[in-house]
Amino acid sequence: MGKGGSLSDGVLKKILLSYTYVGIWICLSFTVIVYNKYILDKKMYNWPFPISLTMIHMSFCATLAVLLIKVFKLVEPVTMSWDLYFSSVVPIGALYSLSLWLSNSAYIYLSVSFIQMLKALMPVAVYSIGVLFKKETFKSDTMMNMVSISLGVGIAAYGEARFDTWGVILQLGAVAFEATRLVMIQILLTSKGITLNPITSLYYVAPCCLVFLFLPWIFVEYPVLRETMSFHFDFVIFGTNSLCAFALNLAVFLLVGKTSALTMNVAGVVKDWLLIAFSWSVIKDTVTPINLVGYGLAFLGVGYYNHSKLQALKAKEAQKKAAQADEEAGRLLGESEK
């Protein structure tokens, strides 16, 4: 009885921890998105410099990553040659810098709620690019599901009260670059047996992101900032914003490490609905019934996609266990015949 009780306590503790990790990730992701919107929006903090904000984040995160790896030695670095760094990490850094630049730029033009609706296209982009690079197998039923997600987002866009074409182009570009980055991680790193956690990722990727962002910053934002002589660096605003961005990377590490990437995808859907509700009730963004119908359709498509992924993972795990059992049975049979 005592043994059964201790097992139940252990399972309960694991469930509570999983929900805690999910809650922390949702809270931090929510905070970073709303905080970025607050800084960049011309009607709020009014600092519309997305490249500069992204560079501040990258500088802060790279510095902390170096301290954790090189000074405090709390995280083990990954052994990597310069050749591998330039051929694998640098392209990923370029895609990441473009994704962050464009996604932060979209906050200037679009509402938080509408941006979350457009982000529902991420599975569509990842699957399509995966098929293009032969990392995913084309399946007609999966493609039909992708079409339903796209249709839902299209309906949501049709019903958007503050539709801005340039903002939509920026956000769709961010989704495309981020999806390409995720596929490239599989091709350039995972296939070579290299796995980077969020800290080692920042350690290797953040510096080259800074280099890639510096080039457009010099021509696009630096001249404007130089003319704005009254601007002074607000250490409280940008320091806490950068700290939240770094903490979010740690939360991703905890959530994926202690649960799974699929759990993060499901938690992401919950976060999106919370953000839409917050955007409507607190920021006073207009959310129309057509918005909700369209996003609801996209939400069902994303939910079905996550469910299909889970079933595929379970089937793969079952095949792996069956193969191990067959191998063990064969070994025992071989031993008995000797």
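Glycine is no exception: its Cβ is also placed from the backbone N, Cα and C atoms.
Within the chain carrying the transmembrane segment (16-35), a Cβ under 8 angstroms from the stretch's Cβ atoms is held by residues 112, 240-241, 244-245, 247-248, 251-252, 254-255, 258-259, 263-264, 267-268, 270-271, 274-275, 278, 283, all 6 or more beyond its ends. Marked as transmembrane segment by TrEMBL: 16-35 (among others).
Taken from TrEMBL, the feature domain 'Sugar phosphate transporter' covers 20-306.
For 47-72 (among others), the entry in TrEMBL reads transmembrane segment.
According to TrEMBL, the feature transmembrane segment maps to 84-102 (among others). Beyond the transmembrane segment (84-102), the same-chain residues lying 6 or more positions past its ends with a Cβ under 8 Å from any Cβ of the stretch are 50-51, 54, 57-58, 170-171, 173-174, 177-178, 180-181, 184-185, 188-189, 192, 194, 204-209, 211-213, 216.
If you look up TrEMBL, you'll see 108-130 (among others) marked as transmembrane segment. Cβ atoms under 8 Å from those of the transmembrane segment (108-130) belong to residues 33-34, 37, 40-42, 48, 50, 136, 142-143, 146, 149-150, 152-153, 156-157, 160, 162-164, 166-168, 170-172, 175-176, 178-180, 182-183, 186, 272, 275-276, 278-280, 283, 285-287, 291, 294-295, 298-299, 301-302, 305 of the same chain, restricted to positions at least 6 beyond its ends.
The transmembrane segment annotation in TrEMBL covers 165-189 (among others).
Counting residues 6+ beyond its ends, the transmembrane segment (201-219) has Cβ neighbours under 8 Å at 51-52, 54-55, 58-59, 61-62, 64-66, 69, 77-78, 80, 85, 89-90, 92-94, 96-98, 100-101, 246, 249 in the same chain. Per TrEMBL, the feature transmembrane segment maps to 201-219 (among others).
Per TrEMBL, transmembrane segment is recorded for 231-255 (among others).
What TrEMBL records for 262-283 (among others) is transmembrane segment. Outside the transmembrane segment (262-283), and at least 6 residues removed from its termini, the chain residues within Cβ reach (under 8 Å) are 18, 22, 25-26, 29-30, 33-34, 37, 111-113, 116-117, 119-120, 252, 255-256, 295, 299, 302-303, 306, 309-310, 313.
Residues or ranges marked as transmembrane segment by TrEMBL: 289-306 (among others).
Mean model confidence for the domain 'Sugar phosphate transporter' (20-306) is a pLDDT of 89.
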